[in-house]
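*Asks:* Quick one: this structure, given as structure tokens, is what I'll be asking you about.
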Amino acid sequence: MMRRTATLLLRQNGSGVGGDIPQALADVLVCPLSKKPLRYCEASGSLISDAVGVSFPIVDGIPCLVPKDGKLMDQDQKESEDCTRILPTTNEK
Amino acid sequence: MAFLHSHATSFGYKQVPEEQKSKLVGNVFSSVASSYDLMNDLMSVGLHRLWKDRLISKLNPFPGMKHLDVAGGTGDVAFRVLERINSVSHRAMQGTLPYTEEDTQIYVCDINPNMLNVGKKRASERGYKEDNFLSWIQGDAEALSFEDGSMDGYTIAFGIRNVTHIEKALSEAYRVLKRGGRFLCLELSHVDVPLFKEIYDVYSFSVIPAMGELVAGDRQSYQYLVESVRRFPNQEKFAQMIQEAGFARVEYENLVGGVVAIHSGLKL
């Protein structure tokens, strides 16, 4: 069963606060390389693609999802506790 | 080693290695971003507005739609889609519509952040609240960051000739569209009309770069623009490419004798 970015990002308190991803984006955004869901990392304010181990920045509220601007994460970063994984809700596809 | 196997692509009339093209194009648009709108008005004598209007009427936007506009950083097409939807909604107040206006989402994707910032600024100047209906994403037309089958419509206006691999952009467009979704491309194209062609060439190669120099302080970027138009596939060839990407009912409409063409296709 495929998890959508939205299910990985859905928060109970809504969106658009303090660097959160608006629902409209969470609904459709995927990793431009793998086309798989993205995860939002609160600590760095970036979007993480676990599928390829790449992180994409968000600058001035604009997600920068150009493939060549993605940063390869090293093993430490991937396992970092600083990036809170947001739990999926029951609306999984 | 990469040098031995690299492919060249066209950047105006210069042949450049592929990796360089997107960087060079990026520089062009960082340079042109601020005077983009003014130059568009001057070069097309205001006609680009009518061409974009025509693009939107062919799109037939509806309330509740999810629409992706690629390479449309400054928001020209996005605002038109939104305004058309608002006017449709008001007319529909008398009747019943299956979708609500609130579900409408317009995604503006551009490879250049300067263009997107201009668009965001214009959106707030027009009174659009942040994140309401409009989303701004920096991305590559050749590798879109949108889910398969997530969009009702896809437009690209005056952007596809700047893409390094047109086929990739077309297949990405196909991927993100829902079944029944429409692809529309507005682009400068080829003029075959005798005499008019000659006049258009003189205008393109003499007047436009000079205008770029005068207005935007940038002759080179506009020289690139003019050359990129000539290198882009003609109407028939481009229609074929759209078909090869999987689209059905591919057709095109010439405006001003082929100075611009609107190509459209349907994902069945």
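Each Cβ is built from the backbone N, Cα and C atoms, and glycine gets one as well.
TrEMBL lists B:THR74, B:ASP110, B:ASP140, B:ALA141 with the feature S-adenosyl-L-methionine binding site.
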*Asks:* When each of the binding-site residues B:THR74, B:ASP110, B:ASP140, B:ALA141 is checked against chain A, which show a C-beta distance below 8 angstroms?
*Replies:* B:ASP140
*Asks:* Across all chains shown, how many C-beta atoms besides its own are within 10 angstroms of the C-beta of B:ASP140 (S-adenosyl-L-methionine binding site)?
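*Replies:* Neighbour count, Cβ to Cβ under the 10 Å cut-off: 23.
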*Asks:* Cβ distance under 8 Å to B:ASP110 (S-adenosyl-L-methionine binding site), same chain, sequence separation 6 or more: which residues?
*Replies:* B:VAL70, B:ALA71, B:GLY72, B:GLY73, B:LEU116, B:GLY119, B:TRP136, B:ILE137, B:GLN138, B:GLY139
*Asks:* Among B:THR74, B:ASP110, B:ASP140, B:ALA141, which the record lists as binding S-adenosyl-L-methionine, how far apart in Å are the two most distant Cα atoms?
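*Replies:* Farthest Cα pair among residues binding S-adenosyl-L-methionine: 16 Å.
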*Asks:* Can you check what DSSP calls B:THR74 (S-adenosyl-L-methionine binding site), collapsed to helix, strand or coil?
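*Replies:* The residue in question, B:THR74 (S-adenosyl-L-methionine binding site), is coil (DSSP, three-state).
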*Asks:* Give the number of CB atoms, excluding that of B:ALA141 (S-adenosyl-L-methionine binding site) itself, located within 10 Å of its CB.
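*Replies:* Looking across every protein chain shown, the total is 23.
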*Asks:* With every protein chain in view, how many other Cβ atoms are within 10 Å of the Cβ of B:THR74 (S-adenosyl-L-methionine binding site)?
*Replies:* 25
*Asks:* For B:ALA141 (S-adenosyl-L-methionine binding site), name the DSSP secondary structure in the helix/strand/coil scheme.
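*Replies:* Reduced to three states, the DSSP call for B:ALA141 (S-adenosyl-L-methionine binding site) is coil.
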*Asks:* Which of the three DSSP-derived classes (helix, strand, coil) applies to B:ASP110 (S-adenosyl-L-methionine binding site)?
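*Replies:* Its secondary structure by DSSP: strand.
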